[in-house]
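Chemist: This is the structure I have questions about; it appears just below.
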Amino acid sequence: MDILCEENTSLSSTTNSLMQLNDDTRLYSNDFNSGEANTSDAFNWTVDSENRTNLSCEGCLSPSCLSLLHLQEKNWSALLTAVVIILTIAGNILVIMAVSLEKKLQNATNYFLMSLAIADMLLGFLVMPVSMLTILYGYRWPLPSKLCAVWIYLDVLFSTASIMHLCAISLDRYVAIQNPIHHSRFNSRTKAFLKIIAVWTISVGISMPIPVFGLQDDSKVFKEGSCLLADDNFVLIGSFVSFFIPLTIMVITYFLTIKSLQKEATLCVSDLGTRAKLASFSFLPQSSLSSEKLFQRSIHREPGSYTGRRTMQSISNEQKACKVLGIVFSLFVVMWCPFFITNIMAVICKESCNEDVIGALLNVFVWIGYLSSAVNPLVYTLFNKTYRSAFSRYIQCQYKENKKPLQLILVNTIPALAYKSSQLQMGQKKNSKQDAKTTDNDCSMVALGKQHSEDASKDNSDGVNEKVSCV
């Protein structure tokens with residue numbers, strides 16, 4: 001009897017709740033259709049209906065039900081991530097085009113920057129859209145489970161390639177400052193591409209264990225329905241190998257490069273001052289020197305002064321390049337350090353830290369790291385005139401630089417002037433040779449005249465002697 005009473009009581013309570021729900025729904029629908037309800041009533045009806053929908057889905061914990069709830073909300077974070085994706089893809093495509101088409105930018109450092117732009121562009125194409133999709137689905141993995149390991153692999157690959165490219169650029173600049181002769185001799189386009197291939201090979205080797213183990217065991221890449229690295233050992237080792245060790249090398253070599261440039265600039269300035277003092281004491285009055293000696297002195301003096309000016313110019317160019325690269329390095333460190341530090345904290349203080357807070361921080365910090373891929377083209381635009389002019393032309397669909405009228409005049413007139421000057425020099429040489437021949441002929445004629453006069457005087461003296469003897 002007690003059981004029957006309890007069942008009747010539960011059935012009656014359920015029936016009453018359903019009747020009350022139907023009455024409330026009918027009341028709200030009638031008020032809404034008749035137009036008698038005001039704005040606040042309509043808003044309350046909407047909120048109440050959403051609450052009832054949430055209550056009806058409380059028992060449904062499947063990913064599809066939760067995904068529908070999150071898709072109904074306005075997600076401004078997804079909109080911001082879409083803007084970051086567009087900027088990343090468009091900006092890095094411009095960098096690739098600039099290095100490929102502009103001859104001024106075709107050197108070893110810019111080849112590294114082009115490869116870095118390729119990594120950032122692929123990150124924007126293959127990784128960021130999937131990450132935005134997980135945001136829309138409440139950080140649940142909406143794709144097939146086998147693609148989770150592949151997505152994490154691409155994410156780690158392109159992020160590792162970015163830091164490895166910056167580390168290689170820093171090492172290459174340091175070697176160029178310390179041993180410029182060896183670097184200029186072996187720093188061809190082929191050598192630069194071989195270094196880039198080595199960077200990509202290292203990046204692939206570091207990130208390859210993710211698909212190898214993740215495809216075999218889903219627990220290493222899934223955690224509570226979210227696609228992320230769940231293996232603590234790989235998180236620790238990967239963070240140090242792919243970020244902190246290259247970061248340390250990059251920072252040390254960058255500061256050593258700056259120190260070497262400052263030292264070379266000081267030595268160059270002191271060397272130029274010493275040469276100027278020696279030159280002021282060694283000059284003689286122009287009247288006491290012949291034109292030939294003056295010409296020889298100018299020939300021997302010009303290369304030294306030109307070399308000094310060229311050395312200062314090269315040091316200045318290196319300092320400007322280091323300034324731009326320093327900004328790129330700093331932005332990369334500032335934007336990626338929070339993610340990797342939080343990633344290590346999630347492993348070290350796993351029991352004491354709040355997992356929900358750590359997870360929310362990682363979701364924010366990873367997009368701050370992605371933002372560095374979109375910032376690099378903006379840095380090149382602000383601090384490099386060649387990149388800036390190339391980007392502006394490419395946006396206007398002008399892929400070749402239009403020569404200015406002055407440049408066209410110089411291109412048309414300089415060869416003619418050079419030809420005329422060469423012809424003038426050849427004419428002067430011919431005239432000098434002809435003058436030398438005429439002087440030689442004159443000298444030979446004078447010598448013949450002198451010999452003829454001597455012979456004539458000799459004949460006259462012989463004739464006089466004969467006459468005297470006859471007498």
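One-based numbering along the chain as shown.
Using the three backbone atoms N, Cα and C, a Cβ is placed for every residue, glycine included.
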Chemist: Just to confirm what the record says: which one of Asn8, Asn38, Asn51 has N-linked glycosylation site annotated in Swiss-Prot?
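Modeler: Among Asn8, Asn38, Asn51, the one Swiss-Prot marks as N-linked glycosylation site is Asn38.
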Chemist: According to Swiss-Prot, which candidate among Cys167, Cys227 shares a disulfide with Cys148?
Modeler: Cys227
Chemist: Based on Swiss-Prot, do Val99 and Glu351 face the same side of the membrane?
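Modeler: Checking Swiss-Prot: the two residues are separated by the membrane.
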Chemist: Based on the record in Swiss-Prot, give the one of Cys337, Cys349 in a disulfide bond with Cys353.
Modeler: Cys349
Chemist: If you count every Cβ pair below 8 Å, which range out of 112-137, 147-171, 323-348, 357-382 shares the most with the transmembrane segment (233-258)?
Modeler: 147-171
Chemist: Looking only at the recorded stretches 112-137, 147-171, 323-348, which one has the largest tally of CB-CB distances under 8 Å to the transmembrane segment (357-382)?
Modeler: 323-348
